[in-house]
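Step one of this worksheet: look at the structure below.
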Amino acid sequence: MIGGFFGAIGRYLIGEWVQPVHEFPLGTLLINLIGCFFLGWFLTFVNRYKRVKPEIILMIGTGVIGSFTTFSTFSVETVHLFQGGHAFLAVLYVLVSTLFGLLLADAGRRWALSGEKEGLEG
């Protein structure tokens, strides 16, 4: 539960700091992309080194990162863009979120694996 608290606070702070640009929900996009990167890194790291207790994995992965990212807000914002007559921005939002989310999750995974190549696996 505490992980969810910290993730939600982080999401709120970034959401307040990064305002929409011409109706485009930039804050939610950045939050979700950051979350994709760190979840990709974190799950790969803990799977590779297996020194983290399952409770900690749940607290950070599901709690912090899960509550930090927000698929529901992404969905509602996309619907609002369509309803507001911003079909191009809505499609762009979906494409950028999906494509860069996948790329950043993979970048996080690769970053977690890079320590192994450099002989850093404790």
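Heads up, residue numbers simply count up from 1 along the chain you see.
Just so it is clear, glycine is given a Cβ too, placed from its N, Cα and C backbone atoms.
As recorded in TrEMBL:
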| type | residues | note |
| --- | --- | --- |
| TRANSMEM | 24-44 | transmembrane segment |
| TRANSMEM | 56-74 | transmembrane segment |
| BINDING | Gly66, Thr69 | Na(+) binding site |
| TRANSMEM | 86-105 | transmembrane segment |
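Taking Cβ-Cβ distances under 8 Å and a sequence separation of 6 or more, the neighbours of Gly66 (Na(+) binding site) in its chain are Gly3, Gly4, Gly7.
Under the DSSP three-state reduction, Thr69 (Na(+) binding site) is assigned to coil, being neither helix nor strand. Its Cβ placed at the centre, Thr69 (Na(+) binding site) has 22 other Cβ atoms within 10 Å.
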